[in-house]
Amino acid sequence: MPMSGGLADVFGRRPIMLASLVIFAIGSAICGAAPNMSALIAGRTIQGIGGGGIITLTDIIVADLVSLAERGPYLGIVGAVWAIVSAIGPPIGGAFAESNWRWLFYINIPIVGAAIVLVILFLNLSIPKEPFNEKIRRIDWIGNILVIGSTTSVVLALTWAGALHPWRSYQVLVPLIVGLLGLVFTLTYEFNWATEPILPRELLWNRTSLSGYIGVFLHGVMFTGIVYYLPVYYQGSKGASPVKSGIDLFGIAFTVAPFAILTGISAVVFKRYRPQNYVAWAIATVGLGLLSMVKADTPIANSIGFQVVIGVGTGILYSGTNFPVLAPLPVSLNASALALLAFIRTFAGTYGVAIGSSVLQTELSKRLPTEFSSMFPGGSEIAFSAIPFIAALEEPLRTQVREAFADSLAVLWRVFIGIAGAGFISVFLMKEIPMSNETDERWAMEQAEKKESGVEQV
């Protein structure tokens, strides 16, 4: 994602957006036609490259066209879309998985085709007027390699932890430590030696932007963890199918969207963003507190109601965390700042899943009845994947297993309460800086007079 921001500055927004869409479509096609797991992994990698560029360029293009002081409603809409698809994706995916999983990927191709047509027809943005060789020389190759390598190492460690290898094993600790040290070295290089850094020092060198990025990270950890593990409650404790458990998430899915939009509008109207962040973290904390009291026999309506409370808080944060990140920075850093924001939000989701996996497996190993655990040589890890078989258990074992899942998840919700509390504290670092009324003229919509400003038109 940071690389896509840098490439957008070098080659222009429109070419990189089109390239990202094409790459995403190619990756989707490879996944859909994959004859084996290796091909599927390769396709997912290509798909991820394109998807990362699409996410980043969407935010950057909005920032190019609308000043921060007026951008609130647009940020809200983008955040709402992201939140909705994150929540409705599981039931849609579950429905396809039950019939033909390949259409999970093939369905992306016509959607991408429509997006490409819209970009070609309507996204007429300026591009830098430089020879191609000069553009290639401007790319921060070292910084991009460091970011990709370090991030891959950390993600692999978090993916393996608790699933393939214990957290304390060298298979997890070595890539995790190497990746984290690599990220530290990446920042050192970018801040001190890079000629055109993808991560300029200014992004993290003021406390308001730093607090915004901290909020983005904590929000990503919390929201992804909630959306990922709430279906586990509905499947493990309520006997819901994968599709039904996804539908049960609609309480949070359709609450996030309107509050993301309303938050953006409120920032434009009141010219303030700190109060929204305080309120959001407080509401999210209350919602998680309520969710932590849910038991196996709690009516589903109650848990959906608690989702709504959480959805209000997380919806506010989807757009509310953008303003402190961007307010202290010049508009010329929009691309770098938003690329880093998108990267942190996505990267944080990996931590949310890893933290949830660690907590859940630890608690399940303590709470699952021996009669159930003994059925699976792999212990709680295998028992976790055996959720579909809970309904066939005899009583009282079935009730005991369902209670074990509910009580284990309650511990996870309490962990997320701590994360929400840390988010609330991070707002104290934030200053209420006036939001800019300017846009970066280098990336204006196509106009004849731009030919005199050192850019050519497309």
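Including glycine, each Cβ sits where the backbone N, Cα and C put it.
TrEMBL: automatically predicted annotations, no manual curation.
As annotated by TrEMBL, domain 'Major facilitator superfamily (MFS) profile' applies to 1-403.
As annotated by TrEMBL, transmembrane segment applies to 41-62 (among others).
Per TrEMBL, transmembrane segment is recorded for 74-97 (among others).
The transmembrane segment feature in TrEMBL is assigned to 103-127 (among others).
Taken from TrEMBL, the feature transmembrane segment covers 139-163 (among others). Within the chain, the transmembrane segment (139-163) has long-range Cβ neighbours (under 8 A, six or more residues past its boundaries) at 2-3, 6-7, 10, 171-176, 178-180, 182-183, 185-186, 189-190, 194-199, 347, 350-351, 353-354, 357-358, 361, 381.
Listed by sequence, the residues of this chain that lie at least six past the ends of the transmembrane segment (169-189) yet keep a Cβ under 8 A from its Cβ atoms are 142-143, 146-147, 149-158, 160-161, 199, 204. The feature transmembrane segment is assigned by TrEMBL to 169-189 (among others).
Annotated transmembrane segment per TrEMBL: 210-230 (among others), in sequence order.
Positions annotated as transmembrane segment by TrEMBL: 250-270 (among others).
The feature transmembrane segment is assigned by TrEMBL to 277-294 (among others). Taking Cβ pairs closer than 8 Å, the transmembrane segment (277-294) reaches residues 215, 222, 226, 233, 263, 302-303, 306-314, 316-317, 320-321, 324, 406, 409-410, 413-414, 416-417, 420-421, 423-424, 427, 430 in its own chain, all 6 or more past its ends.
Taken from TrEMBL, the feature transmembrane segment covers 300-319 (among others).
Annotated transmembrane segment per TrEMBL: 331-354 (among others), in sequence order.
According to TrEMBL, the feature transmembrane segment maps to 405-430 (among others).
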Task = Within the domain 'Major facilitator superfamily (MFS) profile' (1-403) only, compute the mean pLDDT.
result = 86
Ask   = Okay, the transmembrane segment (41-62) and the transmembrane segment (300-319): do they have at least three CB pairs under 8 Å, pairs separated by 6 or more?
value = no
Query = Any residues 6+ beyond the ends of the transmembrane segment (331-354) with a Cβ under 8 Å from its own?
reply = 1-6, 8-9, 52, 55-56, 59-60, 63-64, 67-68, 151, 154-155, 158-159, 161-162, 197-200, 202-203, 209, 212-213, 216-225, 228, 321-322, 325, 436, 438-440, 442
Query = What residues in the same chain, six or more past the boundaries of the transmembrane segment (41-62), come closer than 8 Å to it by Cβ-Cβ distance?
reply = 1, 4-5, 7-8, 13, 16-17, 19-32, 34, 71, 74-75, 78, 82, 105, 123, 125, 334-335, 338-339, 341-343, 346
